Amino acid sequence: MTSFAPQHWIVAPGRPLRGSLRVPGDKSVSHRAVMLGALAEGTTRITGFLEGEDTRATARVFQRLGVRIEAPGPSERVVHGVGLHGLRGTAEPLDCGNAGTGMRLLAGLLAAQAFDSTLVGDASLSKRPMRRVIEPLTQMGARIDAADGGLPPLRIRGGRRLRGIEYALPVASAQVKSALLLAGLYAEGETVVREPHPTRDYTERMLAAFGWPIAFAPGQARLSGGHRLRATEVAVPADFSSAAFFLVAASVVPGSELRLEAVGMNPRRTGLLTALRRMGADIREENAGEQGGEPVADLVVRHAPLHGAEIGGELVPDMIDEFPALFAAAACAEGRTVVRDAAELRVKESDRIAAMAAGLRALGAGIEEHPDGATIVGGPLRGGRADSRGDHRIAMSLAVAAQRAAGEVRIDDVANVATSFPGFDALAREAGFCLHPGE
Ligand code: S3P
């Protein structure tokens, strides 16, 4: 019988982190590889696919839409593309699970289909704002109905003719940009998206790799409808966001020296490196290379005493998923860390400012929330009980902070770690964490 009982971890200070490890594939790239593979002509092979619940949910959605997807081995997918107009509608709701990326990108793509669709998600996703995609897609001619407050489920009408628009995003968001670009594949004329700060450009890069003419530069992208996607091979790099927990843990646990192998180093993702170095971290990049058109490098991190820093502005989108880990680093650093310009954290899988503030406070850290960030005062941490609020990155970040606590820490509601980082607990133990699932 499947049990839906919440799981928890018991975490205690471990040994210094040592050795060499490889984290799973990038979540953003894995979602997009399935999506573009499905819409392409021909067979797309994906290696390094993230076997997380989020990305598997996206693959299941496309199977529901008539796309044959095989899994010949772990982290491998073979997607038999049906072409831009080959998806088949279904009356069943399409379940995106916990994945904001899945739902927002699918909203763009499904708004352009001949059939109606309904997108649903889990309790967390059902509270996340969707107006940010509904409004511009409506300007393109789409018809999408949401629940009160612009929340999921999304009912998307088919058979609409879309037209390209020029759209300046009010908030920097790769998900919104990508939704518009995917709708733009089907639109008449040109779709132009401008961002207030540059965000991750995987959709743009992957569209180009699948042969779609697209012009892009940091902060803007433009494409026209009416071309074809051609199947290709996608080698997904290791997810920088998963490596982030180990970068912080090895920085704060004395005696650590850890190598993270072949991590994706897209500059729109590596803002945490800048932030940690500003705080005094010792992280070297070795064996720089390329994988699937993305820069990769080994990251060698050694323990170093961290001090507080100011983090905000342009750096924020480049480390948008790494703030929970940064908060953990700040709690172990000397002095004050001030985070600003990061109000988006309040509408992620949880309100990540409130969740980290409550979690770190439970371990004795001094932390004051701001509407767009927090001030964290580093100092000794104690054992206690903290709640991840069902958010994978909060759970893993609290486990990192617990490596420096004076006693045992219980972290509640950790099942959602499987959305982005299946096997985190085993890998963390291998590296030196003391972390065990509670009964
Ligand atoms: C993602 C974009 C980011 C990020 C999310 C993945 C993507 O969200 O937080 O985890 O794959 O495009 P926003 O674009 O909404 O900031």
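Each residue, glycine too, has its Cβ placed from N, Cα and C.
TrEMBL lists 12-424 with the feature domain 'Enolpyruvate transferase'.
Lys27 (3-phosphoshikimate binding site) carries a helical DSSP state (H, G or I). Taking Cβ-Cβ distances under 8 Å and a sequence separation of 6 or more, the neighbours of Lys27 (3-phosphoshikimate binding site) in its chain are Leu50, Gly52, Asp54, Thr55, Thr101, Asp239, Ser241, Ser420. Residues annotated as 3-phosphoshikimate binding site in TrEMBL: Lys27, Ser28, Arg32, Ser173, Gln175, Asp321, Lys348.
In the three-state DSSP assignment, the secondary structure recorded for Gln175 (3-phosphoshikimate binding site) is helix. Residues annotated as phosphoenolpyruvate binding site in TrEMBL: Lys27, Gly100, Arg128, Gln175, Arg352, Arg393.
Around Asp321 (3-phosphoshikimate binding site), the C-beta neighbours below 8 angstroms that are at least 6 residues distant in the chain are Ser241, Ala244, Lys348, Arg393. Under the heading active site, proton acceptor, TrEMBL lists Asp321.
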Given a separation of at least six residues and a C-beta threshold under 8 Å, show me what packs close to Arg128 (phosphoenolpyruvate binding site) in the same chain. Gly100, Met103, Gly121, Leu151, Pro152, Val347, Lys348
Given the binding-site residues Arg32, Arg128, Arg352, Arg393, return the subset with CB under 6 A from an atom of ligand 1, ordered by sequence, or none if empty. none
Around the Cβ of Ser28 (3-phosphoshikimate binding site), the count of other Cβ atoms that are within 10 Å: 28
What's the CA-CA gap between Arg32 (3-phosphoshikimate binding site) and Arg352 (phosphoenolpyruvate binding site) in angstrom, rounded? 25
Cβ neighbour count within 10 Å, max among the binding-site residues Arg32, Gly100, Gln175, Arg352, Arg393, goes to Arg393
Restricting to the chain of Ser173 (3-phosphoshikimate binding site) and a gap of 6 or more, list residues whose Cβ falls under 8 Å of its Cβ, or answer none. Arg132, Glu195, Thr199, Glu344
